[in-house]
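Enquirer: These came from TrEMBL, pasted as-is:
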type     : residues : note
DOMAIN   : 46-292   : domain 'G-protein coupled receptors family 1 profile'
TRANSMEM : 30-52    : transmembrane segment
TRANSMEM : 64-87    : transmembrane segment
TRANSMEM : 107-124  : transmembrane segment
TRANSMEM : 144-166  : transmembrane segment
TRANSMEM : 186-212  : transmembrane segment
TRANSMEM : 233-256  : transmembrane segment
TRANSMEM : 276-294  : transmembrane segment
Amino acid sequence: MRHCFYNETVGFFYNNSRKELSAHWRPKDVLVVALGLAVSAVVLLTNLLVIAAVATNRRFHYPIYYLLANLAAADLFAGVAYMFLMFHTGPRTAQLSLKTWFIRQSLLDTSLTASVVNLLAIAVERHRTVLTMQLHSEMSAQRVVGLIFSIWAAALLLGLIPSYGWHCLCSLESCSRMAPLYSRSYLTFWAVSNLVVFLVMVVVYGHIFVYVRRRMARMARHTGAHPRHLPPVLALVKTVTIILGAFVVCWTPGQVVLLLDGLGCQSCDVLAVEKYVLLLAEINSLINAIVYSWRDNEMRNTFRRLLCFPCLRNSKYAAPDRGLHSHNGHFTVDSSI
């Protein structure tokens, strides 16, 4: 019968994994916390702005914008989780109970997983609508709610699994170095799952990119075919490139480091870079709001109205109606989402 160490301290598991627990604040600890809190604050503000924009502007009451608001909610939760981590890291880690340590990690895993799955859902939705050159999908409100529920259910499941058994409290030899209370097998599973989602997104956006390029080529040969489609097509090419590039840059390093730790790579110094790759992944929550929202003209104007609420009566841009319109479901104006 295996012996479990439920009554041990966090320090006991860190010593077992040979992960250093500092007794005082080092310069690099202060730097990481300062950067983390700054990024988290910006993530909270930008994603609150996205949610408010979708809620207050009726032109955004469509499936893609509901998913966008849900992505903002996931990124908002990621900001809260990362801020919680910053207040419970460094020398404070040794003072945590096992329960608090698991809560800290579960919040982070749940929020980051929700962001990734949301990105995948938006990619699939855009794939379906772009291939039919429609502005909005015909997904019903019930299906959108069901999809959002499924996203959070999957995120919660992956985030809470370690707390309810997939840990190393009863198997010290399987403990991770980066997360000393987690089993290496869970880290491997989590990293591989995210990398698979990443691969699916690359395939989906790659197909969108190829389709748009081919359609642009056909439009170039027949300039009088559908000229009103050209602006959104060009904007979509740029947006897809930015989305893919940001996702690759922000997420790949962290997933690779997690996978190396999960596989037990002894020659890999994963502890030297763990906080920086996590911060890089958190920055993606900020980039999401910029890429998916700021590039949309109507969203940008809504941001201005929200930020200039006291002077709304004197606003010069409150009157124009240059939002998202469609004729028989097809693109009629610039929309880069």
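Residue 1 is the first one shown; counting continues down the chain.
For all residues, glycine too, the Cβ spot is worked out from N, Cα and C.
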Enquirer: Taking the transmembrane segment (107-124) as the reference, which of 30-52, 186-212, 276-294 gives the largest number of Cβ pairs under 8 angstroms?
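Expert: Looking only at 30-52, 186-212, 276-294, the most contacts with the transmembrane segment (107-124) come from 186-212.
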Enquirer: I'd like to know if the transmembrane segment (144-166) touches the transmembrane segment (276-294) in this structure, counting it as a touch only when three or more C-beta pairs sit under 8 Å and are separated by 6 or more positions.
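Expert: Checked: the transmembrane segment (276-294) vs the transmembrane segment (144-166), no contact.
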Enquirer: Which residues of the chain, 6 or more past the ends of the transmembrane segment (30-52), have a CB below 8 A from one of its CBs?
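Expert: Result: 68-69, 72-73, 75-76, 78-80, 82-83, 85-86, 89-90, 275-276, 279, 282-283, 285-286, 289-290, 292-293, 299, 303, 306-307.
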